[in-house]
Amino acid sequence: MMISRGLFGWSPPHIQPLTPVSEVSEPPESPSPYLDPGAEHGGTGTAAQADDEEEMEEPEEMEPPPAAVPFSQLFACADRFDWVLMVFGSVAAAAHGTALIVYLHYFAKIVQVLAFPTDSDHLISDDQFNRLLELSLTIVYIAGGVFISGWIEVSCWILTGERQTAVIRSKYVQVLLNQDMSFFDTYGNNGDIVSQVLSDVLLIQSALSEKVGNYIHNMATFISGLIIGFVNCWEIALITLATGPFIVAAGGISNIFLHRLAENIQDAYAEAASIAEQAVSYVRTLYAFTNETLAKYSYATSLQATLRYGILISLVQGLGLGFTYGLAICSCAMQLWIGRFFVIHHRANGGEIITALFAVILSGLGLNQAATNFYSFDQGRIAAYRLFEMISRSSSGTNQEGIILSAVQGNIEFRNVYFSYLSRPEIPILSGFYLTVPAKKAVALVGRNGSGKSSIIPLMERFYDPTLGEVLLDGENIKNLKLEWLRSQIGLVTQEPALLSLSIRENIAYGRDATLDQIEEAAKKAHAHTFISSLEKGYETQVGKTGLTLTEEQKIKLSIARAVLLDPTILLLDEVTGGLDFEAERVVQEALDLLMLGRSTIIIARRLSLIRNADYIAVMEEGQLLEMGTHDELINLGNLYAELLKCEEATKLPRRMPVRNYNDSAAFQAERDSSAGRGFQEPSSPKMAKSPSLQRGHNVFRSQELCFNSEESPNDHSPAPEKLGENGSSLDVGEKEPTIKRQDSFEMRLPELPKIDIQCPQRQKSNGSDPESPISPLLISDPQNERSHSQTFSRPLGHSDDTSASVKVAKDGQHKEPPSFWRLAQLSFPEWLYAVLGSIGAAIFGSFNPLLAYVIALVVTTYYTSKGSHLREEVDKWCLIIACMGIVTVVANFLQHFYFGIMGEKMTERVRRMMFSAMLRNEVGWYDEEENSPDTLSMRLANDATFVRAAFSNRLSIFIQDSFAVIVAILIGLLLGWRLALVALATLPVLTLSAIAQKLWLAGFSKGIQEMHRKASLVLEDAVRNIYTVVAFCAGNKVMELYRLQLQRILRQSFFHGMAIGFAFGFSQFLLFACNALLLWYTALSVDRRYMKLSTALTEYMVFSFATFALVEPFGLAPYILKRRRSLASVFEIIDRVPTIEPDDTSALSPPNVYGSIELKNIDFCYPTRPEVLVLSNFSLKVNGGQTVAVVGVSGSGKSTIISLIERYYDPVAGQVLLDGRDLKSYNLRWLRSHMGLIQQEPIIFSTTIRENIIYARHNASEAEMKEAARIANAHHFISSLPHGYDTHIGMRGVELTQGQKQRIAIARVVLKNAPILLIDEASSSIESESSRVVQEALDTLIMGNKTTILIAHRVAMMRHVDNIVVLNGGKIVEEGTHDCLAGKNGLYVRLMQPHFGKNLRRHQLI
């Protein structure tokens, strides 16, 4: 019967712990750069901070409740049709809610048939038979009413909810796009505000549609249940009400603890989530420093913090559910026991007692379910307050009705302007600023960081208004001008152009109507037409967040085309070419030069070399105009501009290279001859000196300059190979020179972790150094521990490529099918004892469902078939049995939920560790795939592991419980009457469909179209992220048009969606009642045909009615399990994936010595995500040990790819990358990367202390070594100036550092690593000139450290200490040689470096 869940199916909300029990050993000796040091009080700096925080603690004040609108205000956007829908929906919900109570009323009449007189010749009289048929037909009528009311209820509330929230969304977006820029400065324009709006609207929609209907439905059940209960037997109803608070208290107390524990466990897992997110986000850095084991340990250790919470949740859940069910069953036994007094004294019959009892129980459950909606109502009211407050907010105070100038000359004047941002009013940006821009002239604004130059463009665009002063256009204050007209006269091009998720055509024409011919003409002027035409869909190619990814150069060209199409009088350029390489910068500058002709132009520049041709240069300092004039005039003045230019030029002009200081040439010749005797030539680099000191002197040997073109190569020989053992050690027993001083293996000191088996050879240590050396001993080899020039290695064996190929064939081939049940069971096998104990509890509790129904049915039949003392004895016996079952239920629930909970927690933890460990074994190419983005992987770690738990431990618990319920119910049915049992079983498929449909409905009305809302929100998110572009090009109406179009599609879809969901839900409820009517009809038929007695038949009918949900639920779980099986498949695809580049091959080589010779031989390469684009083609490059080679080239020529191949982030498609004559594939991957130091263009800083960021390279480094590394990196001074020094927390939760400071910390990390091979990837390209100089000095010192160095550069500053320069174009070497040689060729190298040297490039010689 449908009331069975009313007695046994309700429980406090089930809260699944996010993080499980961990089984990790002792922590490492050194702190992890992933873990928050605030969590451990071992550091003095951290402890001091903690003490300060304790002193600052004040008594907590209770926060006032958040503001909320009145409930009626939720429907403020409803029109007349919405009110009609809500009225019909409410009536239908009330009718649907009373249906179960009405059925219960007729159930009493079914039981009352037992009181009819029977025919002596028949087991059932004609009156009884006809009455049962009549009642079964009545239940069919109820089923029809439920079908109609359920359909109308769901459909009406879905439709009205979508309609009302569509109006709210539209009004909100309209107001949002009309806000001034100070609003976005305050609340952010990074898309978070859109996500908040989307979630707020969903809360409102849930509150005013789904939850209102659900509330009316359950309140109707509550009211009708009380009425029916008191009408049938008010005494029983009253007593049942009196016991209700005790049952509610048991569940409520456990809920309070569960919610608190849930919050604690969320906070505990946040630390682990942060570790995982940083690890997968910065995986290249993590791999480069071979810290995979540390990351795994840190992640596992952070999961340890959730151990006690997981156990407590399982404990509280088991006890809470046990006492709730136990008290409910004992209460039922008491009501039935009291009922016998009313039956004996003829004050009520059995049907009235059972109806009163269950009607009040259902009434209480209805009230409980109705009360759960109040939380949603409160959330909806709070969300509505936030949205309605925004909707009622006045739009931008700017003038929309101003004047329009008849003709625009373009004279611009800033007159005594004072300005500060509203979000930071205490910080003055401009203070008495004056500036005049003559018509059709270009004025460049320069100055130090924080001088205020970047605020000029938003003031000119009227994103903001000055605090004091005025901005004039042709003598008219721009406040008096019509805003839309003003912005139509201004073209804006920025360094980071905004592209929206539209086609290229729509992006160029953004905010205005234009023909395709006009768009193409604008693209041609912007030098964009060629690359657009080469795309498959041309101008219809989708770009932006959801479309094709374009290069920065291409984005800027589209931005220029957009400005060209606007044909503005005034042009604003904000550091347009700052992030481009030389060739891209030249092309873009040509397009800008054309665009600037005949227009008043303001240029914001940070690189002074780009603005020498401006008509005037204005120099700003602290918000004021310091000086203004032409380039030559300002140079002659010799003030700030000259100083800034001098700083920039200092980073460009090549310096003399450091060379060895020999007392006489004979000494050098002797060493050269000695070297030749060992089978190799002296490398061209003068830094290959074996002297521990690199001193400058007067007697300098300068090697002959070499120059090669694309068809030539240096005449260098590879070092002679030597014979090696299988482990990479030399078979030569002669004298061996020790290796460079290296770090001790931190991994060797970590406790053993399950599924983490990483072995690392113990490396030798050395502490010798020359105190006389001007170069730190951290940068050079130990004099007693030099790299051996003679101990080199032969090429790899031929079969290594075959092995790699076989791995690639197997790539991602596992688990196309979901994992088997046995695979899941294997994961939980260590907790088999917990599973056994939990299964015992689940089996006992599941069996009690039909057993309790059977005993209650016996009590009810006893009311009719027994009298006097026999009735009293029988009822007492059965009620005592029910009470005992209630007590056993407490124990059974505790066993079930506590032990299955522990098993699930351990399984979740184990799967998370296995997934994280497997992720960190994959090659970098795996992370490049879209489905393996950091956000996605972090989310999968958080959620997918819980799916494994849900699919096994949770579902196993319910499956065992319901399976025993089914088995016991079938056994009871077969014992009482097998024919009726078979009919009941035949209805199971139909009831299964009903259960599935109902579960889908209970999951929420709105989920079916949430994806459409997400797509609609992308339009708004694009606009908010690029709000400056939207406002500057007056495209708010365009955004509004696109958004409304999406809303119209959603409304059309929601109508059909609502009707379909409503029909499915109504029909599912119809099937539930119709099957019950069928069962009652066959019960009457069975008795009439003398298959069984009437009392026995009705007992079996009641058993199956009570057990209906238990019989159906295992099948109802099918869609959930099938859905989760897809998630499970993805989990095991990660765990079982075989990486194409194996990091843990213990049979690979780990030689004791490294020479440092690197060769890329006949390389063909394309990225796995772009196999159609060949990045390197038949590429060859050789770098001798100790040499420094610079690689330059246009954007996309393959420069950074070289470093990725050397770090073995990727393997080439064809060819070989060799280290000391052996293919990189023959080396152990972690060993290989441990001998390389990598400095990237974007410095990666972990969210921890500066100390831990530096010692990330070598965890056993001493304090002195760490500080020495910081000094070499020019970082010690600024670190020491911070309040907490090296213990300062940086990153997401700490102090914000500049890009230059971050880069210096990254350099210090590489210095501390002291690897023999150094890889630098445009380390100073993204840093402003002033900071770039400091970073450049640190790089210079690092490069002088006697290492094999490959640097990617696009500034001449990086060419100071190079032995060879390689120029790339199209994945091939087109020029090669020294700086002077390449400068003399006047080829691509000259064109690339022209912006940095000017016309006199050839004069600069490397001396």
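In case you wondered, yes, glycine gets a Cβ from its N, Cα and C as well.
Among the features that Swiss-Prot reports, region 'Disordered' is placed at 18-65 (among others).
According to Swiss-Prot, the feature compositional bias 'Acidic residues' maps to 50-63.
Among the features that Swiss-Prot reports, transmembrane segment is placed at 84-104 (among others), with the record citing sequence analysis.
Sequence annotations record features per position, and here Swiss-Prot assigns transmembrane segment to 139-159 (among others) based on sequence analysis. Residues 85-86, 88-89, 91-93, 95-96, 99, 102-103, 106, 209-210, 212-213, 217, 1001, 1005-1006, 1054-1055, 1057-1059, 1061-1063, 1065-1074, 1076-1077, 1080 of the same chain sit 6 or more residues outside the transmembrane segment (139-159) yet have a Cβ under 8 Å from a Cβ within it.
Per Swiss-Prot, the feature transmembrane segment maps to 212-231 (among others); the stated evidence is sequence analysis.
The feature transmembrane segment is assigned by Swiss-Prot to 236-258 (among others), with sequence analysis given as support.
Among the features that Swiss-Prot reports, transmembrane segment is placed at 310-330 (among others), with the record citing sequence analysis.
Look at Swiss-Prot and you will find 351-371 (among others) tagged as transmembrane segment, backed by sequence analysis.
Taken from Swiss-Prot, the feature domain 'ABC transporter 1' covers 412-647, and the record attributes it to sequence analysis.
In the three-state DSSP reading, S451 (ATP 1 binding site) counts as coil. Taken from Swiss-Prot, the feature ATP 1 binding site applies to G447, R448, N449, G450, S451, G452, K453, S454, supported by sequence analysis.
Taken from Swiss-Prot, the feature region 'Disordered' applies to 670-696 (among others).
Annotation comment: Swiss-Prot describes 709-815 (among others) as region 'Disordered'.
The compositional bias 'Basic and acidic residues' annotation in Swiss-Prot covers 733-755.
For 761-770, the entry in Swiss-Prot reads compositional bias 'Polar residues'.
The domain 'ABC transmembrane type-1 2' feature in Swiss-Prot is assigned to 835-1123.
Residues or ranges marked as transmembrane segment in Swiss-Prot (evidence: sequence analysis): 840-860 (among others).
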List nothing but the one residue from N449, S451, S454 whose Cβ has the fewest other Cβ atoms within 10 Å; the candidates are the binding-site residues.
N449
Indicate the candidate from R448, K453 with the smallest number of other Cβ atoms within 10 Å of its Cβ, considering only these binding-site residues.
R448
Suppose I define contact as three or more CB-CB distances under 8 A, residues 6 or more apart in sequence; do the transmembrane segment (958-978) and the transmembrane segment (212-231) meet it?
no
Between 84-104, 212-231, 236-258, 880-900, 1061-1081, who has the most Cβ pairs under 8 Å to the transmembrane segment (840-860)?
880-900
Counting only other Cβ atoms and using a 10 Å cut-off, which of the binding-site residues G447, G450, G452 scores lowest?
G450
List the other residues in this chain whose Cβ sits within 8 Å of the Cβ centroid of the ATP 1 site residues G447, R448, N449, G450, S451, G452, K453, S454, in sequence order.
M620, E621
Can you tell me which parts of the same chain pack against the transmembrane segment (212-231), counting only residues 6+ beyond its ends and a CB-CB cutoff under 8 A?
86, 89-90, 93-98, 100-102, 104-105, 153-154, 156-157, 237-238, 240, 355-357, 359-360, 362-367, 369-370, 373, 377
Where, among 84-104, 236-258, 1061-1081, do we find the most CB pairs under 8 A to the transmembrane segment (351-371)?
236-258
Over the span of the domain 'ABC transporter 1' (412-647), how high is the average pLDDT in this prediction?
84
